[in-house]
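Straight from Swiss-Prot, the features:
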- His78, His80, His96, His159: Cu cation binding site (BINDING)
- His96, Asp119: Zn(2+) binding site (BINDING)
- 249-258: compositional bias 'Basic and acidic residues' (COMPBIAS)
- Asn128: N-linked glycosylation site (CARBOHYD)
- Asn162: N-linked glycosylation site (CARBOHYD)
- Asn240: N-linked glycosylation site (CARBOHYD)
- Asn278: N-linked glycosylation site (CARBOHYD)
- Asn281: N-linked glycosylation site (CARBOHYD)
- Ser288: GPI-anchor amidated serine (LIPID)
- 243-263: region 'Disordered' (REGION)
- 1-18: signal peptide (SIGNAL)
Amino acid sequence: MIFIPIIILIYLVSIAASDKSPKIKKNPRNVVAVADFPFGGDTQVKGNVVFSAKEGKHVNVHIDMTGLPKDEGPFFYHIHERSVPGNGNCEAVGLHFNPYNASPVCDEQKNDAYCQVGDLSGKHGCINTTCFELKYSDPYLSLNRKSKSYIIGKSVVFHYPNLTKIACADIEEANELRLQSLIDEYTQTDDAIQLKELNTPLETDYKFDEVEALSSEIYHSDTDSDPPQQELISTEKLYNKTDNVYSPEETRPSDQNKKSHRHSLLPLAKWKKNSPKNYSNISIHGISSDCLNDGMMVTGSVFGSLVLGIAAGIFV
């Protein structure tokens, strides 16, 4: 059959064609973004994803979710390129946020710089429980609206392994009322880390220079043995030329041609990175021991996963 060699060829080409994202060294300290669930899709999925950078450096991500379907994981989650329409249709959010045209096969890349900016589960691990809380920093996300990696106005989407969307929500800048409600949540749960992240006062004269910060978006060397490199990228290349607004559904491009995400069915073990994570059973919105995933099945063969992933990803 010709089909399988073609699959292998597409897989290899996608890996070779990966483009590299810069690390974001400066972010506004006075911006907090949040995706609140439920919004679109399954209304039983509740919680939030909070993005902040109170130190002015990398974006810190705090995920606290509950209500994902039992016995259906592992679950994948990504930032998608468009916001959720008013009718809550998760199919209208477009493809993964991928401003540097990276390969969808994050697991096979040299490092996370070659992954899609929005592929959060590819960079940080998929979820294998129905309720979870975790914290990590992602140096490839930006809260600077001039950056190509700017995430506000886009959406967070949770997927089944076959890429069917479960739930989605807009990433919005938190106003003072929403920020205070987050602080109240973390106060009730004694989450000192998040309280420090959100409740640290700024200097009265604090200002963030959006254009100047672009000069701090740099490529790093791929190997630890190489001397440090700080290759500055031209402002023109980094400047975010999209409007990042919630455009009416009828003005959005068609989403009929969906990209294949072949990594979605790779074995769960392949996704467990060595980087530390703050997985725990306690969640603000639930306790994961009350809703464990029993008997979760994951494809065990990379080649089998590749065939299934292409069949599920290209033609769905």
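Heads up, the Cβ atoms here are built off N, Cα and C, so glycines get one too.
The structure, with features from Swiss-Prot marked on it.
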| residue | record | Cβ within 10 Å |
| --- | --- | --- |
| His78 | Cu cation binding site | 27 |
| His80 | Cu cation binding site | 23 |
| His96 | Cu cation binding site | 23 |
| Asp119 | Zn(2+) binding site | 26 |
| Asn128 | N-linked glycosylation site | 18 |
| His159 | Cu cation binding site | 21 |
| Asn162 | N-linked glycosylation site | 14 |
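In terms of Cα spacing, the recorded positions Asp119, Asn128, Asn162 that come within 10 Å of His80 (Cu cation binding site) are Asp119.
When the recorded positions His78, His96, Asn128 are compared by Cα distance to Asp119 (Zn(2+) binding site), the shortest distance belongs to His78. Separating the Cα atoms of His96 (Cu cation binding site) and Asn162 (N-linked glycosylation site) is a whole-number distance of 15 Å. Ranking the recorded positions His78, His159, Asn162 by the distance of their Cα atoms from the Cα of Asn128 (N-linked glycosylation site) places His159 first. In three-state terms derived from DSSP, Asn128 (N-linked glycosylation site) belongs to neither a helical nor a strand segment and is classed as coil. Cα spacing between His78 (Cu cation binding site) and Asn162 (N-linked glycosylation site): 14 Å, rounded to the nearest whole number.
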